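Copied from Swiss-Prot, the annotated features are:
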{"type": "DOMAIN", "residues": "5-94", "note": "domain 'GLUE N-terminal'"}
{"type": "DOMAIN", "residues": "170-203", "note": "domain 'GLUE C-terminal'"}
{"type": "ZN_FING", "residues": "97-122", "note": "zinc finger"}
{"type": "ZN_FING", "residues": "137-161", "note": "zinc finger"}
Amino acid sequence: MAFYLETTPSNLPVLDPSEEILLVQDQVGLYFGDEKSFRHNNGTLYLTKKHIFYVDSVDPKKNSLKIKISDIRDVQHTSRYFRSSPKIRLSLRHVEKSWACKICTFINVGDPINPCRNCGVANRFTIIKPKSDARFSQGLCTACTFQNYPDLNTCEICGNQLKNVDRNQLIQLSFRGSGSSKFYEAIKSETDEIEKQRYSNKYDTKVLRKAILEKSLRMGGIHDLEQSHEMQLAKNGRTLVHAFQDLDAFFSLAKDTMSLADQFAEKMDGLTGTQQSDKVQQLLNKSNQLGVLRGNHLDNVPVSANSRLYDIELCKSISEVLRTRLKADTDTVTMTQAWAIYNRSRKANLIPPTRFVKACELIDSMEVGITTSKMNSGLILFQLKTSNHSGKLLSAILEVMNPSTTALKCAMRLHWSIGVTLERLYQAEMDGYIVRDVYEESGSSLLYWKNEFDELSEELTKWFDES
């Protein structure tokens, strides 16, 4: 069944520590049974090894869902037919919320494929039940009382439905755009892997029993114990030798990779004009196929010159990285700093500045927890999206003044760069909240003071009126 999905402020699914996004596809709607869900009419699908995440485009906080891949019993794909979009039909098995361990009778919560949380024994034992007529009673028609074969869905005599299919156990993924075949192959691969794991957990008792028997036959007496200890030491020595050999091979491979990257960069610099764009795209496609470049889930998103899906996912990824850097309400980074921080977190397959700026233009239109502001000089700043953000920045600047401050002291106290500090002080000065004065002793430094001239002028005006 489908469960409620918790999303991040950047409208990305909250992943488990061992999860990573394998595939992304937008313009997808959901069907529960054969009925179209109007609350889940358009969204983005994210596939991992454990879940299928649906993040709604209209209201991601309320309408986002997730499906466990271990709950999927069957996967079917239907292609486009006239005006009907291609769909992936997910038949879900009924998973009990709790199950009792047959060894220690501990009540576990979750999928029965997981081992018991108390004794650690997998749920691979079945209790043999006596034969009865319960199987054949399942095919009894309630309309004409005809005894049908248990696996039939409809009565052979009157055509009455024998089995009630729960609409929550059949979910259809409707792909309004492309990508249904690729997504189906990925889901099918993950479900097959889950079935293999389920089969191995169920039938690995023979292998375990054989290993215990072989170990017990080898061990016997003090001489065998000493021999076993010597064999273990020799095995550990061989393991260390192979490890250092692999480490040397890794370092040599790293040098070759760096030289290959230098040749790659020289070839890029040698191309010009339209030839550069075509050749660059070919080389990037080849390098991605060979696994030379490695990044986050953006590498699984189709990219093109006008790919809005890629820009949206890049915008979400940028906000995720910046939110780890912006802790307080007054923290601020520039566009250049944000670009450097994000590419440093990727480590490879870096984002060019033009693509980064194009994705950042979507930040204010998307609810990702980050907002931008443009200063008078054209400098673009990133900060956390909070209520009355400009008032909080002004209060922070005024608190630094005791009773005056310099740009350097203000930058150190608020953890801003000197450029951002000068922009903020200039903006506050233009708004009339602070004033500047040349520091006479040093001759070059500027002191910023709170603007108390307005209050003084009001008091003087009031005094003259009274007199």
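Every residue gets a Cβ built from N, Cα and C, even glycine.
Here the domain 'GLUE C-terminal' (170-203) has, by DSSP, the following mix of helix, strand and coil residues: 23 helix, 6 strand, 5 coil. Non-local neighbours of the domain 'GLUE C-terminal' (170-203) in the same chain are 2, 22-23, 25-34, 36, 42, 45, 47, 49, 52, 67, 69-70, 72, 75, 77, 79, 85-92, 113, 115, 122-124, 302; each lies 6+ residues outside the stretch with a CB under 8 Å from one of its CB atoms.
Listed as Cβ neighbours of the zinc finger (137-161) (distance under 8 Å, sequence separation of 6 or more from its ends, same chain) is no residue at all: none. When DSSP labels each residue, the domain 'GLUE N-terminal' (5-94) comes out as 10 helix, 44 strand, 36 coil, counted as helix, strand and coil in that order.
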